[in-house]
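The structure under discussion appears below in the form of structure tokens.
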Amino acid sequence: MSVSKPPPPHSHFPPSNPSSHLSLPPSSSTSPSPSTPPSAVGPPSPALPPPPSPVKISMQEHFAINVCPGPILPIPQISDFFPRFHDFPITPLPPREKQVLKDKDKDEDGNGEKDHKREREQGENGEFADSDDDDTYLGTLEFSLLFDQENNCLHCTVHKAKGLKAMDSNGLADPYVKLHLLPGASKANKLRTKTLKNTLNPVWNETLIYHGITAADMTTKTLRLCVCDMDRLGRNEFIGEVRVALKKLKEGESKKYYMGLERIAQTREGNSQAVDPGVLVAEEERGRILVSLMYITEKSSLIVGIIRCAHLAAMDSNGYSDPFVKIVLQPNMGKKSKYKTSVKKKTLNPEFNEEFTYDVPHDQLAKKTLEISVWDYDLGMSNDFIGGVELGINAKGERLKHWFECLKYKGKKVEYWHTLTQQGAPSSD
């Protein structure tokens, strides 16, 4: 409905253009002018409706209409940027490129068109996620393993992954690889690579090293490699995993693997932990320590080196420990017989590389006992005992062998890994 405005009632200036849009429409009266003869007037025309009355608006309303910005737009919500937070189901991702390539190969054989149509219908129905062909859907992982028995190290080199499953809304993923040694505590022997952003074919070429791995471990341990997607706004998402029995790996030989990722039932981890006896598992959960001994004849001194610990038991609520090592040479020689390393914060695999010197004649060393204990530091509270080991004439097995080699090979540094146990725990901190 159009609205016309009448001209000002007291205008001193007539309009310059009679046809201007501001001029008033002609009068609604249908009576002829006095100068028109009656014969020239035709039959009377029907009466027209009166024009609409002009609408009077204030100056404020006038300016408000002219500057109106238009319709109010809705405020963007976080769900518009992150579709996974929608309450309603979103459109499923398109079929993977790798599967489309396979379909093209089938088309060359003659039957690919029907297979492609059927798989496309399955993809629209969301049936690919429940497919039994997990290897082609989840992707593949390429890595290599090397066992260094001389240094008790297992080198794990993660090369690359290919054709990973898309986990993010943009059709990509932020993958990283997490390593575990089974059986054992998860955080004590967990290693991980760096995270690569927005890729389904990541290339890491990163080497991760497990210290304190003996030949006996290689016969009972299984290496688990998990590929996960990093998510800053929520929990990291699991893509797939592979497992390798270390007993198949030969000492000093680097073996390369190219395996398809799969989803393995969690019960397999529980079954694998039943391989070792319960006593050995309990000892393993406390961790291991690498100690070096060397006797210098010229100075008549024993040098004890605390190099590192591995797979320590978690004593804090965050799943880690703040470990340090205390050593005592018995029988007690006063203050010169007790030493303590620095504290390493929030770690289960600390590296110390600290040495301590005891001035003791060689003929008395055979009667001595070296007590080594690992503790968890707690500020304002009593420290927690993690585990300990005793080296001396009364020890057994590897601990006795280590002590005898130190006495026999003077001037030579002898290094051994020892398993931490409850034995040797002092009565007080």
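Placement of Cβ uses the backbone N, Cα and C atoms for every residue, glycine included.
Features of the protein shown, as given by TrEMBL:
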REGION    1-55  region 'Disordered'
COMPBIAS  1-17  compositional bias 'Pro residues'
COMPBIAS  18-33  compositional bias 'Low complexity'
COMPBIAS  34-54  compositional bias 'Pro residues'
REGION    92-134  region 'Disordered'
COMPBIAS  95-123  compositional bias 'Basic and acidic residues'
DOMAIN    137-259  domain 'C2'
DOMAIN    285-418  domain 'C2'
- Task: Could you tell me the mean pLDDT over the domain 'C2' (285-418), as a whole number?
- Result: 89
- the domain 'C2' (285-418): DSSP-derived helix, strand, coil residue counts: 21 helix, 61 strand, 52 coil
- Query: Within the domain 'C2' (137-259), how many residues are helix, strand or coil going by DSSP?
  - Reply: 11 helix, 61 strand, 51 coil
